[in-house]
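S.K.: To start, I am sharing the structure in question, which I have written as structure tokens.
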Amino acid sequence: MKTLCSFLQISRNMHQENQTTITEFILLGLSNQAEHQNLLFVLFLSMYVVTVVGNGLIIVAISLDIYLHTPMYLFLAYLSFADISSISNSVPKMLVNIQTNSQSISYESCITQMYFSIVFVVTDNLLLGTMAFDHFVAICHPLNYTTFMRARFGTLLTVISWFLSNIIALTHTLLLIQLLFCDHNTLPHFFCDLAPLLKLSCSDTMINELVLFIVGLSVIIFPFVLIFFSYVCIIRAVLGVSSTQGKWKAFSTCGSHLTIALLFYGTTVGVYFFPSSTHPEDTDKIGAVLFTVVTPMMNPFIYSLRNKDMKGALRKLINRKISSL
């Protein structure tokens, strides 16, 4: 984190030498009303704790249960880690600002927060596509699943997802630090996100917006198409199964993933790809809350309540902790 901040400061000095620029941003948060701050603090602290504990339990349960050491559940563990990281990137700073009655964040910290925000959103997106492909192989080609989806191959897909997300985040960051922000430093948001930062700049942002659209659309379309065609094949395969129990198991496994995917894509596309002029800024905030806070919080509930194997693993983990007391 410190290395990235130092790099940003050096790069900024090189690109903006002899030009007057701001040194901090003001995050307006979700509400300007003083009477709402305590409610927001309690609400988001509760959601943060639930998200960290819930996703943490999924990671621990999968790690300790040898029967869940398959790519399907390892992808879920990686998704849970990305969700914990995503909400930890934005909510703690917001809670600190509420408690200290301070809305400021330094330029370097803001750009760093934006960088990791992009990393975790893109990683979530790519992992959802990877999980859909894994479900497709498991249900449509069950005899070849253990041969094709080996642990090493699953790890490789995860590493590729993290690598691509960092490359994309670095591209946006390097383009952003070349922009000037002049005297405008007020962000109508609760964290430093790319879209509102571009609106705030007094430089020409055409290249930034073009890259955001092209790269963002590519990152969205490929996993979405993979998810769509995977589930078309899965539904056709499941409908051909004569066993009612087999159909229910397949739909319960895939239904959890599909629910998370629809919630994630719906809010992400709404925030980043629809023109801001067509809806108020509050809509962007609500969308950002949904995919950075609500979706990570819902992840453990949706997967644990609809998946028999996860419920069993969590039950064993809880019983083990109780018996050790």
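Any Cβ shown, glycine's included, is placed from N, Cα and C.
These came from Swiss-Prot, pasted as-is:
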type	residues	note
TOPO_DOM	1-38	topological domain 'Extracellular'
CARBOHYD	N18	N-linked glycosylation site
TRANSMEM	39-62	transmembrane segment
TOPO_DOM	63-70	topological domain 'Cytoplasmic'
TRANSMEM	71-92	transmembrane segment
TOPO_DOM	93-113	topological domain 'Extracellular'
DISULFID	C110-C202	disulfide bond
TRANSMEM	114-133	transmembrane segment
TOPO_DOM	134-152	topological domain 'Cytoplasmic'
TRANSMEM	153-171	transmembrane segment
TOPO_DOM	172-208	topological domain 'Extracellular'
TRANSMEM	209-232	transmembrane segment
TOPO_DOM	233-249	topological domain 'Cytoplasmic'
TRANSMEM	250-272	transmembrane segment
TOPO_DOM	273-285	topological domain 'Extracellular'
TRANSMEM	286-305	transmembrane segment
TOPO_DOM	306-325	topological domain 'Cytoplasmic'
S.K.: How about the transmembrane segment (71-92) and the transmembrane segment (286-305): do they have 3 or more C-beta pairs under 8 A, pairs 6 or more apart in sequence?
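M.R.: Taking Cβ pairs at least 6 residues apart, the transmembrane segment (286-305) and the transmembrane segment (71-92) are in contact, with 3 or more under 8 Å.
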S.K.: Return the residue, from the listed disulfide-bonded residues C110, C202, with the maximum count of other C-beta atoms within 10 angstroms of its C-beta.
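M.R.: Ranked by Cβ atoms within 10 Å, first place goes to C110.
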S.K.: With DSSP assignments reduced to helix, strand and coil, which class does C110 (disulfide bond) get?
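M.R.: DSSP assigns C110 (disulfide bond) to helix.
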S.K.: For the topological domain 'Cytoplasmic' (134-152), would you mind checking the mean pLDDT of the predicted model?
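M.R.: Across the topological domain 'Cytoplasmic' (134-152), the average pLDDT comes out at 84.
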S.K.: Run through the topological domain 'Cytoplasmic' (134-152) and tell me, per DSSP, how many residues are helix, strand and coil.
M.R.: 16 helix, 0 strand, 3 coil
S.K.: Helix, strand, coil: count each for the residues of the topological domain 'Cytoplasmic' (306-325), based on DSSP.
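M.R.: Within the topological domain 'Cytoplasmic' (306-325) the tally stands at 18 helix, 0 strand, 2 coil.
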S.K.: What are the DSSP helix, strand and coil residue counts for the topological domain 'Extracellular' (172-208)?
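M.R.: So the counts come to 15 helix, 2 strand, 20 coil.
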S.K.: Count up the helix, strand and coil residues in the topological domain 'Cytoplasmic' (63-70) according to DSSP, in that order.
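M.R.: Counting residues per DSSP class in the topological domain 'Cytoplasmic' (63-70), I get 5 helix, 0 strand, 3 coil.
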